[in-house]
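For reference, Swiss-Prot has these:
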| type | residues | note |
| --- | --- | --- |
| BINDING | Thr49, Cys50, Asn51, Arg52, Ser109, Glu114, Pro115, Gln116, Gln120 | substrate binding site |
| ACT_SITE | Cys50 | active site, nucleophile |
| SITE | His99 | site 'Important for activity' |
| BINDING | Gly189, Ala190, Gly191, Glu192, Thr193, Ile194 | NADP(+) binding site |
Amino acid sequence: MTLLALGINHKTAPVALRERVTFSPDTLDQALDSLLAQPMVQGGVVLSTCNRTELYLSVEEQDNLHEALIRWLCEYHNLNEEELRTSVYWHQDNDAVSHLMRVASGLDSLVLGEPQILGQVKKAFADSQKGHLKASELERMFQKSFSVAKRVRTETDIGASAVSVAFAACTLARQIFESLSTVTVLLVGAGETIELVARHLREHKVKHMIIANRTRERAQVLADEVGAEVIALSDIDERLKDADIIISSTASPLPIIGKGMVERALKSRRNQPMLLVDIAVPRDVEPEVGKLANAYLYSVDDLQSIISHNLAQRKAAAVQAETIVEQESGEFMAWLRAQSASETIREYRGQAEQVRDDLTAKAMAALEQGGDPQVIMQDLAWKLTNRLIHAPTKSLQQAARNGDDERLTILRNSLGLE
């Protein structure tokens, strides 16, 4: 039995290829059935995200295994083998275990240390269990990887610092305001970055969110998801005074929030401080706003410096995380080897017990027929000894005939002779 991990990701393949190798949730069951129908595959898990498609497999060793699996992947997705072959990576046994642990821990992600991948790996594993996963070694590998990912999160700072603009904006807000549960946030725009910001704010239980956008329909979809109020861009001047935090990210070619607008808002707020985070390029907030007392303006460049600092911290944490992965993968492979030995021991013990039972039954039958107990017991002992040492004796003789001193030494040690 061999453990394999093969696939493509953002490092090895462009999005144009990655999107053609994905497995949709609707067809995943069919894909797993097809994969497990391959004669060499004993068990499998398919992980398919926007940045990676990977197969984790328990397989029987055979010639051309690599080619057979790539052929299956290409046939399933109607791809040219040459087109895919140069982008596929391949890990076996300890390397496969280490790879899965790194993936689950966020060490192989586009955004180093991102936590979402662990949920995606868990879902892939859960989907494979619905009548598909057949290899206990593979199941144990995934369970171990989940515990390793948790250990990495607990023992390192891999996920402690913001490394995305959206997350950095929210982190900044949480650093300045002791609790977001008492503040009102005005979000200007409704694009992807603002969507991420809104979700982060919801997770931190912000008191109230207002979304201002050029098109109400797009803003309303996001507002319904996060429980926010929607206003038009033209209403910002009137509502700015209600906001403790303003986070803006639009595609407007001109500033949306001017110095005069903020001055009026501060006057209405009796100079209670306002945090303005402008993550738009071109800028949504006039730079002069930063000169106003009680108006604290941060641009995307300010956030980028925070992100760069935090990324350096994550990279330092990743070194510690890699040490954890190396240790845990080594322990898992030791367990796997022990399991293999346990199976051999069970077979050997079962064989010996069968010999014992057969000879004991014959001895009991002889006793019931009135045979001499002493003779019967001596015969039983002699036959039992011969039967049990027959196979080791043949192995010793074969090693001696072949001049295999190393094998002789191993056999002697195994038999307790040295």
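For all residues, glycine too, the Cβ spot is worked out from N, Cα and C.
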Local backbone state of Ile194 (NADP(+) binding site), from DSSP in three classes: helix
Neighbouring C-beta atoms (10 Å sphere around the C-beta of His99 (site 'Important for activity')): 25
Inter-residue C-alpha distance, Ser109 (substrate binding site) and Ile194 (NADP(+) binding site) (nearest angstrom): 22
Cα-Cα distance linking Ile194 (NADP(+) binding site) and the residue listed as 'active site, nucleophile', given in Å to the nearest integer: 20
Candidates His99, Pro115, Gln120 (recorded positions) - the one closest to Thr193 (NADP(+) binding site) by CA: Pro115
Site of maximum Cβ density within 10 Å, from binding-site residues Pro115, Gly189, Gly191: Gly189
Nearest of the binding-site residues (Gly189, Ala190, Gly191, Glu192) to Gln120 (substrate binding site), judged by Cα-Cα distance: Glu192
Near-site residues: substrate, ref Thr49, Cys50, Asn51, Arg52, Ser109, Glu114, Pro115, Gln116, Gln120, CB cutoff 8 A to centroid: Gly106, Leu110, Ile117
Ser109 (substrate binding site): tally of other CB atoms within 10 A of its CB: 19
NADP(+) site shell beyond Gly189, Ala190, Gly191, Glu192, Thr193, Ile194, criterion: Cβ within 8 Å of Cβ centroid: Leu187, Glu195, Leu196, Val197, Ser249, Thr250
Which recorded positions sit within 10 Å of Glu192 (NADP(+) binding site) - Cα, from Thr49, Asn51, His99, Pro115: none
